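Everything on this sheet refers to the single structure shown next.
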Amino acid sequence: MSESHAPTSGAMEGSNAKRGLWSSRLTFILAATGSAVGLGNIWKFPYITGENGGGAFVLVYLLCIAAIGLPIMMAEVLIGRRGGRSPVNSLREIASYDRLNPAWRMVGAVGVLAGFLILSFYSVIGGWAVSYVGTAASGQLTGQSAEAVSAIFSDLLADPMTLLMWHTLFMALVMLVVAKGVRAGLERAVSILMPALFLLLLTVVGYAMTTGEFGRAVTFLFQPDFSKLTTSGVLIALGHAFFTLSLGMAVMMAYGSYLPKNISIAKTSIAVCLIDTCVALLAGLAIFPIVFANGLEPGAGPGLIFQTLPLAFGQMPMGSLFGTLFFLLLIFAAWTSGISLLEPIVEWLEEQKGMNRTVSTLGAGFVCWALGIASILSLNLWADFTPLGSIDMLEGKTIFDLLDFFTANILLPLGGLLVAVFAGWVMSREAIEKELALSEPMFRLWYITVRFITPVAVGAVFVYNLFGA
Ligand code: PHE
C-alpha cells in the first residue's frame, strides 16, 4: 500500500485522508485473496465435499459462489469504499450521509462476533498444520502406509497438551501481526507466498495424476449425482461459500475501504472469487485421487487432508521437503486468514472502547485462545459431550462442531443477507451506481441479484433447514 495514493483518491468526503490505499489493483486482489484463501479451501472444502457425496454438492457450491458470493462480495467492497472507514463506522457514515437508521451498523457487529468465534477453532486447525511441518520435516512420513499415517493424526488429536501448544503458537502468530497493524508487510508477504502455495498445490496435483485414480476423482468431483444431495448439504454449501470468500463478517468491507476509486470493484471481486475457487478445486484434485488410490474414506471428516496429503508426501521423491514446504504454506494461508478474523474485533475494541491496539489485541486474542481450548477438548476428553444434542439437526455435534455449524451456516449467511438488504434496499442507488461504474445491463443484473435473488435464496435455505426438515 502506498501513502502517495491517498490524497488523489480519498474515500467519501470527510474520511481520513491519511489512510494509505492499496498501491494497485493487484495488491488489493492479493490481500483479499490472502483472507479468502485459507483452511477453508484446503482443509474444509475437500472434507465437506467428501461428506456430502461429491459432484452435486460441488455444483451447488459453485452456484452459490457465482450467484450469491460474488454479488455480496461486490456489495461489501463498495460499502467499505464508500464509507472509507472501519466496517462499523463505514456503515454509520453511510447511514448518516443517506439519512438512514444508525442501527445499520449492527451489520458490522454480527461480523465481529462471527470472526471471533471462527478464530477460536480456526486456530486449533492452524495448529494441526503447524504440527505437520515437524512431522514432514523429520521424515516420519517417508514410505508409511495409509494406516500409519492415519495413526499419526489420531495420536495428535488424542493429545490435548500438544494440541494446546500448537494452538497457542498459531494464535500468538496472529496476535503478533494484528498488534503491529495489519497493513504493513501484508502486501509483500501475500504477493510471494500465495503464488508459492498455488505452485505447490499444482505439484501435488501432478503427483495425484500418477496414482491412477485421477479419473475417478474427477468423476467424483464433477459428475453430479443428485440423489446424494441433502437439504443440509445445500445449507453447508451456501455457508461454505460465505466462509471461503470471507463474507458476512465485514472483512471485505474493511479491505474495500483501502481501494482507490479508479479501480473496478467488479473485476477485482471476480478475480478474488476465481482464485479462491481454483485453489479449492485444486485441493480437491490433489486429495481425492490419493483417497481412492489408497482405499481411504472420502467422508472421513475434518482429518481428511491430514490423512491423505502426508501419505502422498511420504511416497513422492523429495517428499519430506515438499511436505514441509506445503504445510508451511498452509500455515501461511491460514495465518493471513486468521489475521483478517481477529482484525475486526480489535478495530471495534479500539474504536468503541478506546483501548489501544496492543491491549485490545491481547484481550481479544486471549479470550479467543481460551475458547479454543473447548474445541481442543472436544477432540478428545469431551468427544462425547454434545451440549445441544437433543435438537435434531445438532445431534452428535461436539462444541467444536457447534461452533463451526453456528458460525459458517448461520452467522455468516445472516451477515451476508443483511449486507445484501442494505446495499439493495437501503443505500442510495446513485451512490452505488457511482461506486460500481458498471454498464447499465450489468448493473441491473447485480442490482436484481442483491435485491431479490440473494435474500430469497439465503432466506429459503435458512427457513427450510431450521423449520422444514
Ligand atoms: N476465508 C477463510 C478460509 O477459507 C476463512 C475466513 C472466514 C477468513 C471469514 C475471514 C473471514 O479459510
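The backbone N, Cα and C atoms fix where each Cβ goes, glycine too.
Since we're looking at a predicted model, the values are computed, not measured.
According to TrEMBL, the transmembrane segment annotation covers 26-43, 55-79, 106-125, 163-182, 189-209, 229-258, 270-292, 321-342, 362-383, 403-425, 445-467.
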Same-chain residues near the transmembrane segment (55-79), Cβ under 8 Å, at least 6 residues beyond its ends: 45, 48-49, 90-91, 94, 219-226, 228-229, 233-234, 236-238, 240-242, 244-245, 247-248, 250-253, 255-256, 259, 265-266, 268-270, 272-273, 276-277, 284, 416, 419-420, 422-424, 427, 432, 435-436, 446, 449-450, 453-454, 457-458
For the transmembrane segment (270-292), distant same-chain residues with Cβ under 8 A (at least six beyond the ends): 29, 32-33, 36-37, 40-42, 45-46, 49-50, 58, 62, 65-66, 69-70, 73, 197-198, 201-202, 204-205, 207-209, 211-214, 216-218, 220-221, 244-245, 298, 304-305, 308-309, 311-312
Selection from 163-182, 189-209, 321-342, the stretch that has most Cβ pairs under 8 A to the transmembrane segment (229-258): 321-342
Region pair the transmembrane segment (362-383) / the transmembrane segment (163-182), three or more CB pairs under 8 Å: yes
Contact check, the transmembrane segment (189-209) vs the transmembrane segment (163-182), 3+ Cβ pairs under 8 Å, seq sep 6+: no
Best-contacting stretch, by C-beta pairs under 8 Å, relative to the transmembrane segment (106-125) and drawn from 163-182, 321-342, 403-425: 403-425
Folded-back contacts onto the transmembrane segment (321-342), same chain, C-beta under 8 angstroms, at least six residues removed: 34-43, 115-116, 118-119, 122-123, 125-126, 129-130, 132-133, 135-137, 141, 170, 173-175, 177-178, 182, 186, 189-190, 193-194, 196-197, 200, 203-204, 246, 249, 251, 254-255, 309-310, 313-314, 361, 364-365, 368
